[in-house]
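Enquirer: Sending over a structure as structure tokens; questions will come in a sec.
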Number of protein chains: 4
Amino acid sequence: MSKASVPVNRVVLAYSGGLDTSVILKWLQQTYGCEVVTFTADLGQGEELEPARAKAVLMGVKPEHIFIEDLREEFVRDYIFPMMRANALYEGLYLLGTSIARPLIAKKQIEIAKKVGADAVSHGATGKGNDQVRFELGYYALAPDIRIIAPWREWDLNSREQLIAFAEAHQIPVSKDKRGESPFSTDANLLHTSSEGKVLEDPWNEVPDYVYSRTNSPEDAPDVAQYITMDFEAGDPVAVDGEPLSPANLLAKLNELGKLHGIGRLDLVENRFVGMKSRGMYETPGGTILHLAHRGIEQITLDRGAAHLKDELAPKYAQLLYNGFWFSPEREMLQAAIDHSQAKVSGTVRLKLYKGSVSVVGRKSPNSLYSANIVTFEDDAGAYDQRDAEGFIKLNALRLRLLGRRDGK
Amino acid sequence: MSKASVPVNRVVLAYSGGLDTSVILKWLQQTYGCEVVTFTADLGQGEELEPARAKAVLMGVKPEHIFIEDLREEFVRDYIFPMMRANALYEGLYLLGTSIARPLIAKKQIEIAKKVGADAVSHGATGKGNDQVRFELGYYALAPDIRIIAPWREWDLNSREQLIAFAEAHQIPVSKDKRGESPFSTDANLLHTSSEGKVLEDPWNEVPDYVYSRTNSPEDAPDVAQYITMDFEAGDPVAVDGEPLSPANLLAKLNELGKLHGIGRLDLVENRFVGMKSRGMYETPGGTILHLAHRGIEQITLDRGAAHLKDELAPKYAQLLYNGFWFSPEREMLQAAIDHSQAKVSGTVRLKLYKGSVSVVGRKSPNSLYSANIVTFEDDAGAYDQRDAEGFIKLNALRLRLLGRRDGK
Amino acid sequence: MSKASVPVNRVVLAYSGGLDTSVILKWLQQTYGCEVVTFTADLGQGEELEPARAKAVLMGVKPEHIFIEDLREEFVRDYIFPMMRANALYEGLYLLGTSIARPLIAKKQIEIAKKVGADAVSHGATGKGNDQVRFELGYYALAPDIRIIAPWREWDLNSREQLIAFAEAHQIPVSKDKRGESPFSTDANLLHTSSEGKVLEDPWNEVPDYVYSRTNSPEDAPDVAQYITMDFEAGDPVAVDGEPLSPANLLAKLNELGKLHGIGRLDLVENRFVGMKSRGMYETPGGTILHLAHRGIEQITLDRGAAHLKDELAPKYAQLLYNGFWFSPEREMLQAAIDHSQAKVSGTVRLKLYKGSVSVVGRKSPNSLYSANIVTFEDDAGAYDQRDAEGFIKLNALRLRLLGRRDGK
Amino acid sequence: MSKASVPVNRVVLAYSGGLDTSVILKWLQQTYGCEVVTFTADLGQGEELEPARAKAVLMGVKPEHIFIEDLREEFVRDYIFPMMRANALYEGLYLLGTSIARPLIAKKQIEIAKKVGADAVSHGATGKGNDQVRFELGYYALAPDIRIIAPWREWDLNSREQLIAFAEAHQIPVSKDKRGESPFSTDANLLHTSSEGKVLEDPWNEVPDYVYSRTNSPEDAPDVAQYITMDFEAGDPVAVDGEPLSPANLLAKLNELGKLHGIGRLDLVENRFVGMKSRGMYETPGGTILHLAHRGIEQITLDRGAAHLKDELAPKYAQLLYNGFWFSPEREMLQAAIDHSQAKVSGTVRLKLYKGSVSVVGRKSPNSLYSANIVTFEDDAGAYDQRDAEGFIKLNALRLRLLGRRDGK
């Protein structure tokens, strides 16, 4: 193995405590003969983190090299909210729940690497997916000369059986439920849970019920709609039903509501950055509510010019995030443009949640640009002179008329 | 009235047979002393057209100057389907049901004007809305020297009372239910029904139930989901549940299904081309299903490059349609690009309809670009070499690394 | 004249002191019976401003209502430089010299209107051009309820003879050289001089020599090339040939150099916002040098992602400026994105000026992203692993291969 | 060498007859033990092709496996002209002369591979450049399962000395002038000559005179300007000075003119697709004239909507070409849009060539959309009603006024 022949001293591993990254931990120690530093983040994936510590200790990681951090507030405030300001949807539909988590993990790994003097970082993403790209573009952007070890692209453990055999051979505890093959693979954080692989691989087959973990099925949701309000300030949500909440708590609250009402399921075949199509199932309960609500408040507070420019930039922004270019000048440029538009995006949106769908049913704002006065069918007391429309149309038409004349119409 | 002082000989009026356009008919005869030619189109609005003929006769229109035409197939095939190929959504949400009907009406009026030697055309759209723009840009593009009469921008009949008084003074029959003010105003065609004005003018107030006419409320929809399939050929739908249907019949079928399941309601505050915000309620039952289904079939048949380019062009395409630029070189250029991408967009989509929402749950195609072989977590027998990912990432990262080094990271 | 029947109290006129705006001054006093406040700006047009004061006094403007201001530094620093950061070219070629001056004039007029309590503003732009739009969009954006008087759209003085007759009838001095018709019309400021109309109206005829006023003809330029350097800081030029210069002085210096070497002439048929095509001749000597030099420094200091995003945004930015939307949220959003990219755009560009053309012949920067080390054909000591290219290409090709297989290639 | 361990039967090599590809030819035979088929194309690079045949024979290539083809007409008609219709400029300045040649060579290699039953293709592009990507994306798009051999990424011949040693060891004739190191590297075809490397590697140093081969220096160009005309039909040039010419002959004629007058030199630091910046010098004499002339004819024949859409799409189109995505759905979609706009782009442009610069000085067309009638400062006999401008401005301003009011202006 030629790569391993270049010596590594200390590597910071994104460590979940699960089977895969435990095997990686051991494999790194063995293959590179290096110290492993573990980093375990709480991004709201809903798992206990302390067992990861115990497992790391068990595998010989020094206590001072075990980093466990609750990143939920930072994740929502500095990553999810900026993305939501952009109304970003990848390929028209996907709320980018996995993509948005990777840059933060990469950033923290690099910070730790600098702190502990590590010369390498490592992650558990496979060689076919987008996550390897997202992690590594993040690493390289923030530490251009860091060494990256991507075990899935290096080793020969190409099946679950081999992984488990390796684990057993090295006294890595394997929980019972991991022994059998999972019928699909998941990723989870405070924004979403994604599932893909195996039973989902035929895009003609409906996603089986048991794959869903974050939402009720719409059929099981309450038979009565629930109405909620969300308050926004400068483009970000700050309260639900009038109750001010921190970013992470607010998203958690929306997740609860979305789960109850079966909101945010998406069955998608998408185009990966690495060139293939994949089929995934996403559950983004709170994020789906937030996305719609943000559009709702923008409807009355954002000028048309700003709104249309945002709509034109959003697909590119979404592609950048999906492809792993969070830490890139072009993403930051787009963010600067988007954020500039959000200063007055404040007010209240009223939403209806019912059996799988969420609808904006009302919006109000001290910054509203909507003027019933002007738009009214009733007498507007001169607020708008309908005769202006004639000149407006005639000058907009002028080039088309010149064209029509030339073309003999 | 200075405009009226320029003589008009014969004018083709877009005539619905309703109160407003009947008043316009009479007003044109009186004010301009000209012959009125009526054009009444069936675009699937769900109204009888023959009463319009009787009314026109009653008001002195020559029988050979009364044109009534069933445009449903042309409307769906040549206007709605091309737009659906673009996945066009105005301001992220609106399926453009009103916008897409205007160009066809304008085109037919101009054809009739040429046939009967008319020197003018007229419509019943008001001076605050988008429809005047859409009609008139169409007229001017197709007949650059046509005279346009827009009564709502010229006359002094600024309230319903005045309209009714004018009607009564001129023996125009006014149906009883038109005497009282309607609490909102509507537009309908095979694609959608829109409602706006009056009770809808406060965007904070939920749209009252009685405004909806084309869809059940989700609450009243069946408690059991319905699954359907749609077949596509070259980007257009051709069958529902295996039954081949003409464009108009197919959309009508989807409308039935959408209505039953409460699908396609949208409460929106949008930005009009004339510069103000307005609040509307749209019901697009079949169109909502079609939009999602089209995205579904594209997911497996469209290459990423084509798909992303389409996503980037779609907002501009939607703005052009909304603003009335159907007959413009730039809309045609975008259509050429979009249509070029659709040749292989064929196959079958399976959808679930349930209480207000529609979801793609399966898609298959002889042209599928999805390859389970390549994407699989299982052994792919060498179809994809995971080691390629390293070079891919490193060269994508190179510029970010150079940047990071320069910036002292 | 119905417009004039709505009383105006005090109007701020953009006043050059020339024949046209002198006639307007008088016409406003007469037609509206209002006080006229004059605003005369030095934007580097190269004319004495004090005669404007004398003339205004002569026509009865109160001394305290005569505003004369040297705006050259503000103009270059806050308008031209931001535009240059964007590399904006309208329709691929035009450096927007007229467009960029209007917003500043509009802003100052509104400031004065607020100071003196004026209820109206007025300008001398005609009803066919872009400038009326640019002035008035500026007025409305900054003072939504201001009254605007556009004499050229209101009065009946439709020929030069009538203008002169009006002037003579009202004791307005007409300089001798204004008595005959000018064979073309011009606009000038520190950035450019534009000429249009009359002898230029046939776009097949070459622009006659006598139309040029700001540049030598390339044939008359020196036979020996001149080399200069320009230093940039954060996207803006700060020195020429090592000499630090204020924004206006720097542009004036570049104008001198450009004039000498016959640089910056452009014969263009362009599309006006009001819907027609017009033919103009532009001389932008210093601006042409600056534009190229800015691209030169960006070449080594700007990352590809930022550079390409800028290239994609630039046409839209240029359209916004051309159409008069400087004071719009979307222009500000684009500016925010562009400015975000410029922090490291510092360094030195070397240019060759010779008989009508300017070329970048060298660039260097402490922030350079160019690495001879990596790009070299020589041994790069491992800075770049050519084998990475294979994976890069293969994953970029993957979707094309899947497509080729599907399509039977 | 693991790659070489997978057997290759027959490989089609893009063969110039020069030292590098001759070494590759031999290396392929040796390393892979396979038959080599040579393909030598005349793209107007200005070299004799028959010596390549002799050399191939000498190295044991079967006569029926030596393919030499004159592609000049196809190259200009089907590649250069479509690109010129797009007004494509990479990074604002570069006319893409190298990029546009690669797809055609790739296409021909694949055609030959299919004809002779080859299982592999090979090229002489290095592992740091864009050309490897352009060749290989073309190969893969047209023959998804082709084997690609890129010797520069595989072998150990990393310096010119080693190359020459290899050549000598294998009886490959090395012309005397190739023994010394060339001080820079070039690529040439009918559109341009590019030079890069070595003496050009410091972007601060001016390109030395001896690097230029396709153009006179502006200083050596004639002291008197030359005027020419170019006729266009449907977006493509068809005649120079009234003389109809085939595509390749026309471009050759423009090259002559451009060379004489020192037109089309460009010193550029650009961003490669593989992630690094490189400095190149380009000479595109005829292409520079054509580019400007095409813009000139579009100015009077293209509607604003089409022109602006083209300007917005052009950067993306240029990036696709530069990056090697000629044979991609998205390039074809853009081409479809662009070509749709060109039907009426016919007429005549008059140009002035003088000491390094080319200027459009006149244009006329039977399809002209320019109307002196409408744009004139003189009386236009009612062709344009200046009063329309007021309504046009007021409705364009409406949203800005609402915004201004909200924001307290």
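Each residue, glycine too, has its Cβ placed from N, Cα and C.
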Enquirer: Pick from D:G92, D:G97, D:G117, D:G124: which one does TrEMBL list with D:A14, D:Y15, D:S16, D:G17, D:G18, D:L19, D:D20, D:T21, D:S22, D:A41 for the same ATP site?
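Expert: For the ATP site that includes D:A14, D:Y15, D:S16, D:G17, D:G18, D:L19, D:D20, D:T21, D:S22, D:A41, TrEMBL also lists D:G124.
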Enquirer: Let me know which member of D:S175, D:S194 TrEMBL also records as binding L-citrulline at the site of D:Y94, D:S99, D:N130, D:R134, D:S185, D:E270, D:Y282.
Expert: D:S194
Enquirer: Ranking the binding-site residues D:S16, D:S22, D:T126, D:N130, D:S194 by other Cβ atoms within 10 Å, which is at the bottom?
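Expert: Among the binding-site residues D:S16, D:S22, D:T126, D:N130, D:S194, the sparsest Cβ neighbourhood within 10 Å belongs to D:T126.
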Enquirer: Name the residues of the same chain, 6+ apart in sequence, whose Cβ is under 8 Å from the Cβ of D:D131 (L-aspartate binding site)?
Expert: D:T98, D:R102, D:H123, D:A125, D:D187
Enquirer: Averaged over the domain 'Arginosuccinate synthase-like N-terminal' (D:10-173), what pLDDT does the predicted model reach?
Expert: 96
Enquirer: Can you check which residue among the binding-site residues D:Y94, D:Y282 has the largest number of Cβ atoms within 10 Å of its own?
Expert: D:Y282
Enquirer: By a simple count, how many Cβ atoms lie within 10 Å of the Cβ of D:G18 (ATP binding site), its own Cβ left out?
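Expert: For D:G18 (ATP binding site), the 10 Å Cβ neighbour count is 15.
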Enquirer: With a CB cutoff of 8 A to chain C, go through the binding-site residues D:G124, D:N130, D:D131, D:S185 and name the hits, or write none.
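Expert: Cβ contacts with chain C under 8 Å: D:S185.
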Enquirer: Sorted by position, what residues of the same chain at least six away from D:E270 (L-citrulline binding site) have a C-beta under 8 A from it?
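Expert: Long-range Cβ contacts: D:Y90, D:E91, D:Y94, D:K277, D:S278, D:R279, D:G280.
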Enquirer: Does DSSP give D:E270 (L-citrulline binding site) helix, strand or coil?
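Expert: In three-state terms, D:E270 (L-citrulline binding site) counts as strand.
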Enquirer: Identify which of the binding-site residues D:S99, D:S185 has its Cβ surrounded by the largest number of other Cβ atoms within 10 Å, counting every protein chain shown.
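Expert: The largest 10 Å Cβ neighbour count belongs to D:S99.
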Enquirer: Which whole-number value in Å describes the distance between the Cα atoms of D:S16 (ATP binding site) and D:S185 (L-citrulline binding site)?
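Expert: On Cα coordinates alone, these residues lie 15 Å apart.
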Enquirer: Of D:D20, D:G124, D:R134, which of the binding-site residues has the most Cβ neighbours inside 10 Å?
Expert: D:R134
Enquirer: Using DSSP reduced to three states, classify D:S22 (ATP binding site) as helix, strand or coil.
Expert: helix
Enquirer: Name, in the order they occur in the sequence, the residues of the same chain whose CB lies under 8 A from the CB of D:A14 (ATP binding site) and which sit 6 or more residues away.
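Expert: Set apart from D:A14 (ATP binding site) by at least 6 residues yet with Cβ under 8 Å, we have D:T21, D:F39, D:A41, D:I105, D:Q109, D:V121, D:S122, D:H123, D:G124, D:F135.
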Enquirer: Under DSSP, is D:S99 (L-citrulline binding site) part of a helix or a strand, or is it coil?
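Expert: Note: D:S99 (L-citrulline binding site) is coil by DSSP, not helix or strand.
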Enquirer: Would you identify the secondary structure of D:A14 (ATP binding site) according to DSSP, in three states?
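Expert: Strand, per DSSP.
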